[in-house]
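Have a look at this one.
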Amino acid sequence: MERSRWLLPLLLMLCLGLGYTVLSMPEPVEGLPEMLVDNMEVAGVSNPVTAVLLNFRGYDTLLEMGVLLVALLGVWSLGGIPDYRESSPGLVLDIMSRQLVPVLILVAGYLLWVGADAPGGAFQAGSLLGAAGVLLLLCGWRIGNRCSGLPLRFLLILGLGMFVVAGTGLLLIGGEFLQYPSPVARELILMIEAAATLSIGATLAAMFLGSLPGGADK
Amino acid sequence: MSYVYLYALLGVSLFVLGLNALIVHAHLLRKILAVNVMSTGVFLVLVALSSRNEEVLPDPVPHAMVITGIVVSVSATALALILMLKVNRATGKNELPDRGRD
Amino acid sequence: MEALTILNWVLDGLLGVSLFSLAWLALASPDIFKAIVLFISFGLLMALAWVRLNAPDVALAEAAIGAGLTGALLLAAFARLEDISIGASDGEEVQSHIQHDSNEEPK
């Protein structure tokens with residue numbers, strides 16, 4: 001094993017080098033945080049992380065919704081993964097999921113609403129919705145054929161679509177792309193966040209299922 | 001020297017630990033776990049270095065980047081797991097065929 | 001104040017050591033199922049570390065995703081992997097050109 005003899009010393013050297021780099025990294029001279037604090041009153045929300053995610057660096061979040069969508073398309077296009085073995089979820093899981101899913105949806109709504117001023121926001125709420133979806137899928141629930149076509153796809157692209165529509169609308173009324181006018185910034189951010197939450201939840205649950213829903217129902 | 005450097009160094013060591021496991025282990029599921037540990041190490045370094053100055057509030061830009069990164073990494077994990085299942089169905093094994101060892 | 005600082009250092013040290021050892025065990029344990037469970041607990045502890053680093057937003061995201069969703073995804077994939085291998089063992093023979101490099105994994 002010629003390779004394994006050199007692996008450990010090389011990795012140790014990498015560890016030492018990275019550690020030294022991290023420890024000797026200089027303090028930033030011009031602080032991005034100060035710039036952010038100065039601009040917080042035009043952001044529309046008072047939680048700085050939400051302001052960065054949805055307002056100052058909205059492009060990142062827009063593209064991230066795209067990444068989620070592309071990942072889901074990748075999962076679907078690989079297709080043909082067998083569904084889980086049929087097994088009854090058992091009484092405890094069945095009853096508990098009925099109690100838990102509404103609570104999870106409620107908490108997701110709360111996190112979304114409170115994200116403007118306190119820790120929380122679209123991603124956290126969306127992943128909670130995704131967790132609720134996973135719980136439902138584990139209990140044997142499958143999306144009906146009626147909803148698995150267009151309505152599901154609409155839900156999946158809602159986040160990205162809302163972002164693009166809001167940005168384009170702002171362009172049309174004479175602003176910049178994704179640069180919200182200060183008076184309506186809060187409402188716009190909340191609208192985009194709500195759409196993104198639904199999309200993230202649906203995307204994560206669909207990824208858990210793994211195959212294109214609808215075909216498996218028959 | 002404040003406690004955030006402890007977490008930064010922990011992030012570095014998690015990264016190297018994950019890299020080691022990525023190279024050493026052949027099982028694909030363990031490789032996916034290793035990549036996840038590596039990404040957690042990177043996030044830890046980012047967040048730790050953003051709050052090293054204790055007088056001012058931590059910089060929210062790396063925080064936002066890390067939240068984005070966590071969501072992206074879970075979707076990448078889902079894609080990788082499906083790919084692993086595909087490899088398993090096609091070859092019947094949980095690892096990639098190694099041509100160089102023959 | 002002094003005692004509080006020491007307590008904080010002890011807490012950080014404990015958290016760091018347990019995070020590192022959990023990651024180590026998750027990546028080194030021979031049983032894949034055990035590795036996944038250890039990785040889930042690693043994700044849960046990471047949420048604590050984010051809180052210590054003044055990043056509650058990241059902690060919320062990690063608690064929901066790192067501990068919940070990633071674990072569910074990994075366990076589901078593991079279960080399907082077992083299903084496939086059970087189905088394959090009583091079905092057709094595994095193709096022969098990739099047969100002979102199975103010196104690491106007994107399964």
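Yeah, the Cβs are placed from backbone N, Cα and C, and that goes for glycine too.
Caution: TrEMBL annotation is automatic and unverified by curators.
The feature transmembrane segment is assigned by TrEMBL to A:62-79, A:100-116, A:122-141, A:153-173, A:188-209. Residues annotated as domain 'Na+/H+ antiporter MnhB subunit-related protein' in TrEMBL: A:92-185.
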What residues elsewhere in the chain lie close to the transmembrane segment (A:62-79), defined as a C-beta under 8 angstroms and at least 6 residues from its ends?
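Beyond its ends, the transmembrane segment (A:62-79) has Cβ neighbours at 156-157, 159-160, 163-164, 167, 178, 196, 199-200, 203, 206-207, 210-212.
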May I ask whether the transmembrane segment (A:153-173) has at least three C-beta pairs under 8 Å with the transmembrane segment (A:100-116), counting pairs 6 or more apart in sequence?
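No, these stretches are not in contact.
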Work out, from DSSP, the number of helix, strand and coil residues along the domain 'Na+/H+ antiporter MnhB subunit-related protein' (A:92-185).
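For that range the per-state counts are 67 helix, 0 strand, 27 coil.
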